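Before any comments, here is the structure.
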């Protein structure tokens, strides 16, 4: 409590807190809180001798961000006052005067009674007051307490695409609102399994064996490894992008478009959409191939006995059945998309069972290989679909008669007088084991490639029979297409796509930033292992001619991979059929929603119609367009021709994902803070290079077409072309590029994600034109991890015509210092008659177009208390007011000479952030930027916030930790409780001393003695040039003072001066009897209490960042404002006072 000496001056000074719930606290949006409509709170003054301890110790509310308290302040500075609360308001001079209700004095200027608002007669609608945060109360409407925001900032809602429409439709039909379920899916169910289902597909079952047989084990292993490396590098880049903020529902398109902008985002989004649509066509074609070739071959509508026409007939069958399947699947998606999602797990189970059957069969083949004989004529493979026996003759009733094979190669069914094929005559028909098994050593024969032209007979590579041509009408197994390494790359690549399935479900994930990287990378590792191991197993277990037999003609029409599986080939056939059907349904479900998301962004006007949906959110028009494009893929009818098209679009998409990550990393934008740490721009660049190489390796003409399509979309969206203004060589090119870039920059404020500190550093110069505080420039260089603009400015007071040379010299001095401190930026000096005007001109006019500063950096005016000249601190406060009016952020470095140089490096320590009021998030962003510099890199960030009596400090700490997690900022969190609201004697006396000093200086300035008159006259006449620094330059007071000095001395003026001295002595006598103003006591109480807790927690911190209170609305309180700031920062070595510009500079979203 109060010491005895304090009681002689005051009876009792206490705060009485009466908590009251405010019902109209404004709601806050997830991205940018609405800070403009905060309701005000009521304050009244009363007198009480005692307040029960329970009124200060009991927690009043546990609702963070939803309720706040209304403070009822009891303040009785004099013991002779009456206890009636109305006594406080009886004096007319104590009426509240705000900016809108100011009294107009005789001089025509608005003037309030106190420096700050003193609202003792409260009316509804006035400003917000808080017992412990009185210093910040004037701006509580625009800079609210942290405790009132944390709950809304930490808890955001993530709706999936169409979920809002679904919910609204259900509410309309059911007549009541159902609570929205929060996302609960984890890494395994939400990312890992969907990625497995989308990566494993038709290529694994229908084409991988053929790829191994054609390319050989070594080249096939290389193809699979390159494709898997491409997707792994892309997944790393995607993980960095996905963990750079809260991923909205919408997945990959939103990640790419928000990372690269609307032009690239629209182009890549459409490429991704077309890829997904053609994937649906590919899966449908795969399902039809399994159905017609392996399950029900008799269902074929078109048939041909001619080997050359058989493939054409098969393509027509694929078109008919494919169209029918597409219509059926579109109806399923249109009517019941929920059933598609419900059966997804069943389709995934089919895939997993099929893969396990392959491994089981490979293991079993090592000791008991399955019996699948292959009929060979010499080295040539025969189709066993129409053979009754693998022999030229057969025994019937003890008689040797020609077999069906004889009839295929001879023109007569009789042994005599038959003319047979020459190769048939000279070679024997033998039967070999199609699956020799793992221990057979067949792996050595399958190591090397065996590429064939179209129509070539498949035969053993050891002894080719190229000397005798075969008749294509015979029952040979033929190559249906011309094969090459590049073709196989294009065909196989779709089997590794699908890595974005997890990010597409981002809205359903409980913690997307954790689940997407882990689940995606684990899924790629799993699928890569399966593919690579299957390449080796297929080559080690299956005969080469069987591997190259794409449709299983040599093994009686069985699926080749099915012949290896255990317990039955039908496990693979049925499993692969259902898995391809499921994958097709998933593609037809996802592609329309992707198109709908692109259309809703309204970046491509002619797609706007596809953004409309049914009442339940289903994109009907987008589904119809998707079906039409998929039909084009089905009309192609060949899986081997559709796969390279699909590869192009996915490779284009992956290329831009890697490009986005590489650009963000190299540009080092402040918003680029991925929680996933294992990325590097070199990995992204390597992934981008592999994607580009694969595009041209697989099909160079398809690659060019895909790029042209993407380029046309980019051009359509925004690109208008740069003017060819070359000038004189490289400099002309640089000027043209700079002009083009400046014109492209937005004139308006940038998006929160793109905000970076563009600094205007105000430096002080001494009489020799040297920088007084070079460490301020050092600090600015350490902040430039944001890679923004830096302008170094200073003001020389004088006449421009006379001081132009000095300005050039000072500019060169500053440039040399900038070079020494490695600050890349521009220097701007202004010669002005008055310092305030010069600073105002700098703040208003620096920069060009979109490259304008948004943050002002300046030093604290040290020694302002000791200076007789008030211009030092008046210039400082004027600068604060100008930056506030310009909506710029302000950084004030106190004790800047103690700040570290670029050579010093802290090996440990803390950067402490005291987040008291929210003003845009600058306090969160600055320590992150500082930690990017080597000087501060090893420091840890600690964030403190203040809890009042009514706040739930435990919930505040949880909310703050959650908010920082979403911001991707690693920091230690602590909530400091400030429950004690007693005003101490020290606070009271400190306020009294402050007010006495201000009053005394005011009297001294009004009654200057004449002993300085002659000295001042000589000094003014002899000073030809006076260069003053920011903080101690000419002001309007200069003219007034000089008028006093140069006045003519008369008897009347002497008598007037003598009377003024007597009046001045009476004023000094009044100082001894004055009592401190109540509002100043409360503000001093805030400064003292905050300083106590800050010094207690942060006295050893390497740097303390603190909210800077705004200057008083009434200029009469400027000196008190400086005193409050001094008290607030006493006892701290390095302090950075931060004042936001009023706009959000940091966001949790990507």
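Cβ from N, Cα, C; glycine included.
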In Swiss-Prot, residue 261 and residue 618 sharing a membrane side: no
Residue from 171, 417 to which Swiss-Prot assigns N-linked glycosylation site: 417
Residues flagged as transmembrane segment in Swiss-Prot, choosing from 359-379, 380-400, 548-568, 569-589: 569-589
Transmembrane segment per Swiss-Prot - which of 590-612, 682-704, 705-727: 590-612
Folded-back contacts onto the region 'Scissor helix' (682-691), same chain, C-beta under 8 angstroms, at least six residues removed: 226, 229-230, 233-234, 236-237, 651-652, 654-655, 658-659, 661-662, 665
Proximal residue to residue 420 (disulfide bond) among binding-site residues 283, 444, 603, 654 (C-alpha distance): 444
Where the record names 447, 448, 603, 654 as binding chloride 1, the maximum Cα to Cα distance in Å: 51
Other parts of the chain folded back onto the topological domain 'Cytoplasmic' (546-568), taken as Cβ under 8 Å at six or more residues beyond its ends: 204-210, 212-214, 290, 293-294, 297, 354, 357-358, 360-362, 364-365, 370, 372, 374-375, 381-385, 434-435, 446, 450, 452, 458, 477, 479-480, 537-539, 576
Tally of DSSP helical, extended and coil residues in the topological domain 'Cytoplasmic' (613-629): 10 helix, 0 strand, 7 coil
C-alpha spacing of residue 417 (N-linked glycosylation site) relative to residue 410 (disulfide bond), in angstrom: 10
Long-range environment of the topological domain 'Cytoplasmic' (189-211) - Cβ separation under 8 angstroms, sequence gap at least 6: 220, 223, 282-283, 286-287, 289-290, 344-345, 347-348, 351-352, 354-355, 488, 491-492, 494-499, 501-502, 504-505, 508-510, 515-516, 518-520, 522-524, 526-527, 530-531, 534-535, 538, 542, 546-550, 559-561, 572, 576, 579-580, 582-583, 586, 639-640, 643
Integer Å distance between the CA atoms belonging to residue 417 (N-linked glycosylation site) and residue 375 (disulfide bond): 26
Set of same-chain residues at least 6 away whose C-beta sits under 8 angstroms from residue 390 (disulfide bond): 373, 375, 382, 384, 405, 429, 430, 431
Most Cβ neighbours inside 10 Å, all chains, among the glycosylation sites 379, 411, 417: 379
Least Cβ-crowded entry, counting other Cβ within 10 Å, from the binding-site residues listed as 148, 444, 446, 497: 444
Number of helical, extended and coil residues in the region 'Scissor helix' (682-691), per DSSP: 10 helix, 0 strand, 0 coil
